[in-house]
Amino acid sequence: MSLRYKKVTVKVGSNVLTKSDGTLNVARIAHLVDQLAWLHQKGVEVILVSSGAVAAGRSELKLQKKLDTVSARQLCSAVGQVKLINRYADFFREHGIVCAQVLTTKDNFADRDHYLNMKNCITTLLENRVLPIVNENDTISVSELMFTDNDELSGLIASMQNSEALIILSNVEGIYDGDPSLPTSNIIEEIDAKDKDWMKNVSKQKSGFGRGGMLTKSSIARKVAKEGIEVHIASGLKDHILTDILRVDRQAKHTLFKAEARKASNVKKWIAYSDSFAKGELVINQGARDALYSEMATSLLLIGVVDVKGSFEKGDIVKIVDEQGNLVGWGKAQFESEKAETEAGTKYKKPIVHYDYLYLIED
Ligand SMILES: Nc1ncnc2c1ncn2[C@@H]1O[C@H](COP(=O)(O)OP(=O)(O)O)[C@@H](O)[C@H]1O
Ligand SMILES: N[C@@H](CCC(=O)OP(=O)(O)O)C(=O)O
């Protein structure tokens, strides 16, 4: 019996791990661990991104007074993460597997050094046959600098670790072609990452304990699939779902985002997730935009830059927008903002962003 992948990132949403009364669904966690352990024993490298800390903490605490959102999140996650990780550790131990807790914040990916440090941490765990369990550190995350949700974090981890697949387990069977609560809606079984049409059916609606909803899952899934990683969105409430997705002799109804054949380089992957760390902005004209989107690998030259906003140093990430303010992509600046400003619109030879350090969002 063969398996589809040898290296996967699995993300589990809060609603899979909690019951409707908010308490941890211990039987569900045990069943997920059984499947993850089976994969681990078959030699698959697994990284688990698990939500559920806030939900687990909330059900444990009897709050004496009403707290503001930030304090409540800090308190609940600090208490809940301990409960959650202990459950995982106990269940994995029964399978003879050592797991590890990796708590992170968006800041830990801010520059290339931090990013590579995080990558090294997870790689070292995997090399030592330790199963990493990653979660955002909500206790110390600053609201404005948080991941939208753990879907975004799992996309980043899958990309950073060069996983072959990202499996997102939620409380729905996949992406529906209409309102998920209507009997007339059906699961879209396969999505081409280039296609956008189906997105109109995805609403902002989210489940009881979820943070981002299907909308973030969808856009992250597209982004990750375009980097050459297959993305499966499936129900974590279904028995054997993980093993059914990985075993070639099994099938399970869910949504698959087909990976694009072209694989992005490691540096481009890092830049793809660096939007919130951009220090400045380059406004480019239509000609430059067309050149960047042409079939040829093209660097951004200053001749096509009409405005330089903000202050940045050589090596900083800059945002690239068109004259209408639409986002074109991000890149690593080859020189500082002052020089870019002076030379903007000129035939200055050295590109402000080299193609190897340029990530374009598609239109
Ligand atoms: N077209 C759609 N197909 C599936 N789910 C959808 C769609 N539009 C909105 N949703 C909502 O997205 C929810 C899942 O996202 P979320 O609440 O973030 O879960 P999780 O806790 O797993 O991250 C579903 O429970 C559903 O209410
Ligand atoms: N770090 C949070 C995760 C919040 C979150 O993204 O939840 P979800 O949308 O259910 O994946 C927690 O552990 O509660």
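Including glycine, each Cβ sits where the backbone N, Cα and C put it.
From the candidate list Asn128, Asn150, the residue TrEMBL records in the substrate site shared with Ser51, Asp138 is Asn150.
Counting Cβ atoms from all protein chains shown, Lys11 (ATP binding site) has 30 others lying within 10 Å of its own Cβ. Here the C-alpha separation of Ser51 (substrate binding site) and Lys11 (ATP binding site) works out to 8 Å. Cα separation, Asn150 (substrate binding site) to Lys11 (ATP binding site), rounded: 8 Å. Note on Ser51 (substrate binding site): other Cβ atoms within 10 Å of its Cβ, all shown chains, come to 28.
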